[in-house]
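**Student:** Provided herewith is a single structure, encoded as structure tokens, for subsequent inquiry.
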Amino acid sequence: MNMTAWMKKGWSWLRTHMDPRLFMMLMAIVVGIFGGLAAVLLHHMIEMVAGLFSGYRQRAWSFLLPAMGAAAAVYFMEKIVREGGGHGVPEVIYAVSRHGGLIRLRSTFSRIFASSMTIGSGGSAGPEAPVVMSGAAIGSNIGRILGLNERQRVVLVGCGAASAIGSIFNAPVAGMVFTMEVLLGQWRSSHLLPITLAAVTGTQLSRRLHGNQIPFESAIFGIQMHDTLASAGLALITAVVAIGLIRGMRRMHGLSLFLASRCHLSPWTRAGIGGLFVGMIGIFFPVVLGEGYYAVREMIAGEFSSGIIFVLVILLAKMLATTFTLGWGGIGGIFAPSLVMGAMAGLLYHRILVFLFPAVGWVNEGCFALLGMAGLLAGVLQAPLTAIFLIFEITGGYEVVLPLMVVSAFSTILCRYGEPHSIYLKDLVARDELLRPGTDGRVLLDLRISEVMEKDCIPVQRNMLLRNFIHLLKNSRRNYFPVEDAATGRFVGMVHLDDVRPYLLDQMLYDTVLMEQLMHRNVMVVHPDDELGDILETMDRLGLFSMPVVADHRFMGMISKATLLDHYRKELRVQTSDE
Amino acid sequence: MNPRFFHVYQDTPAGREALLQTVFFCRMLGAAPVVYIPETPRFLMYFENRVVQVDLDCDPSDLKKRARWQARASEILAGSGLDAHFLQIHHRTTPELPDVPVDFDYMSCPVPASARHFVYSDLGMRRLPAVAPFSVLIPALVARGWKSLAVFYGGDEKKEGVLAAGLAMARNTGLPLDVFTRGPVPVIRSASFKAHVRHVVAGNKGNDFWMDVPPEALMIVGASGKGWFRERFFSTFKKELRSSLPGTCVFVGPQAQESYMRIWERETDS
């Protein structure tokens, strides 16, 4: 027996003898390692690209760097890996909700390289969404290679994303919460344990390779009651900024697509133009370039010395730079810019408070910068728990947890008034592609027409006499009879038992009435490619209880509401069980 | 239900030739063509355990151009007496990335005009047959009708699926089948299958083996779905065949072979 055969045998033994939960935990560790490595690689890549460009930052033409980076990133995505743009999180959510977490192999690395070019050259974007995509793709492809089923693959997709987020932020809890809250949209203990383990593995690996660094060190603030109450007001500001950012991104994307189609611009030229605008903004406000974390550190430390108007202007400039980077097709995420803008919003709010109420002993402005970060993130992602745990973990301070909860919760609620869906879900919802497990659409998606179709209908020919039909009726349990053309076999109509009833008692008609005289010709039919959701909608609209399935003019079977409901219940049970 | 043949139409001379070959194939097997007019330069096909991206040479950039492509495809199909059914996309992974359904019986693989990409040039040709439950038609550069079928059988029990595919197609089309094998001569017990076998050619590698293949034969070849590295850097039967014979091929992957094997076993048992 050769090595491959031994390995196959060992694998098969492991699959059959190992407890499934324990097996998933083992797989979670494997995915966690690769997810963590992807995050570390991205981190190094960004540093490397930034280092490469740093020598040219003082040159007169340095404003062209973001354009070059964005164009190169999109060229890489379009021509080298042939994947297309976008930050990838909606793609992961789509894969989880519709295709059991199937993601292309190339996604495991593509966005790591592309986003490092965008961010390293000065584009206003973050590395988190691309690394989520990479981690999720790693999980998906490990699941595929190992031949896991759909449910297990989805868990591994979550494991990959959680480990990547945990690793890049050094925040395992935030990674786990983000995955459950944003990506999977459900909290199940069967998912929670492997995802937690993957997040821990990824983070631990990153700590080993990178050191255990807290991204934003916070001081002891000494928060009082009035600070906590005031944080509710900050939620209003962060909600407004979040709504502005979501809408700005969408409008800018629409504008860029419109101009690109009018001027026949290639995707990389489009991204390059966006990058050019970012470079020009960067001439006046260098703080908007790149991730912008160094500015956040200054704000948290209370060392950001600009005045109210200047903070407002750089907040708007950062928003504009982000919409130009991502809205024009640059590769990167919205996470980091949201944190930066949130910190700016917090700072702005603190300065307004101090200006309006100078006699009150307000907490240090760094605390409000932290709260602003949580508020904006909660609003943009519509994920308050992710925001709370992320800020809590990346600052290493438990002290701010109360106002953090207030601002995150209020910001999420207020943001929903303006934008009912998060930046990740907005597009999916608009395309009607978001299907969370256990929802009506998701249950129907897993049912196939061929599964629910009843095939025991007896077709009759259009020239069949009523006498023959009555004879056939004795052996049938159905009320519907498809009528076919004898010569071509084509479906021509339907006969319902009710149509025959008036003729049953008159034996004189038995040898004179033909089926084509009784049949309904304009019958609403279903095609095997139709979606069950649409079929049910048609049935409800027309008050039908069953419909014939016809393909290539041939009768295939019947679909009835009763059978559909039966299958629906079974599927719902499968989807909502925690096994 | 008639078998369904999925075709991606590209409005180029090569695309027209490919559609003509689809037409021949559909008429031969009584299949119903389902034509997709691409909206973007790539699309995804989600199979049970894998997602495959298909890259195209060109795509119509606007609605007017798409309508023109559709009209041309309809004209070609109508000229052959086939109904034109155009695929409507219901779902998209991203707005620029349509998901194409996979429940077809055959598909014509859009073969790029030239190998312009080191990694992804022949991915579609390799991956589609490897994971698809359907057989994949690889069109030749020039369309012409087929007068016989030629199946390449490895002589291995594991590869009987491709033989079963050839026999099933021969029976359904009524065309004579030549079996080419480099291993032992296969034993065909089912009388209904056996009647369609014209010649069994056992040979070795080399020019003579390829020269025995009739020029107007549709070639049926097994596709193992071996990895990219092996296909790219090592000699495979598929590569040898593609470089030696310019005709149209049908690649029958492992999953499609399984379904043909079920037919074969049913027939043999009966």
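Count begins at 1; order follows the chain as displayed.
Keep in mind that glycine also has a Cβ here, set from the backbone N, Cα and C atoms.
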**Student:** Under TrEMBL, the annotation transmembrane segment belongs to which of these stretches: A:154-178, A:504-528?
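**Tutor:** Range annotated as transmembrane segment by TrEMBL: A:154-178.
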**Student:** Hey, which bits of the same chain come close to the transmembrane segment (A:21-46), Cβ under 8 Å, at least six residues off its ends?
**Tutor:** 14-15, 108-109, 112-113, 115-116, 119-120, 127, 130-131, 134-135, 138-139, 142-143, 146, 148, 152, 155-156, 159-168, 190, 193-195, 197-206, 209-210, 291
**Student:** At an 8 Å Cβ cut-off, counting only pairs 6 or more apart in sequence, do the transmembrane segment (A:368-392) and the transmembrane segment (A:154-178) clear the bar of 3 or more pairs?
**Tutor:** yes
**Student:** Cβ pairs under 8 Å only, please: of the recorded stretches A:58-77, A:154-178, A:398-417, which one is richest in them relative to the transmembrane segment (A:268-296)?
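**Tutor:** Between the candidates A:58-77, A:154-178, A:398-417, the best contact partner of the transmembrane segment (A:268-296) is A:58-77.
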**Student:** Under 8 Å between C-beta atoms and at least six residues away from its ends: which parts of the chain pack against the transmembrane segment (A:154-178)?
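**Tutor:** The answer is 24, 27-28, 31-36, 38-40, 42-43, 92, 95-96, 100-101, 103, 127-128, 131-132, 134-140, 142-143, 148, 184, 190-192, 194-203, 205-207, 210, 212-215, 383, 385-386, 389-390, 392-394.
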**Student:** May I ask for the residues of the chain that lie six or more residues beyond the transmembrane segment (A:58-77) and have a Cβ under 8 Å from a Cβ within it?
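**Tutor:** Distant contacts of the transmembrane segment (A:58-77): 49, 83-85, 110-111, 113-115, 117-123, 267-276, 278-280, 282-283, 289, 325, 328-331.
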**Student:** Going by DSSP assignments with H, G and I as helix and E and B as strand, what are the residue counts for the domain 'CBS' (A:519-574)?
**Tutor:** 25 helix, 15 strand, 16 coil
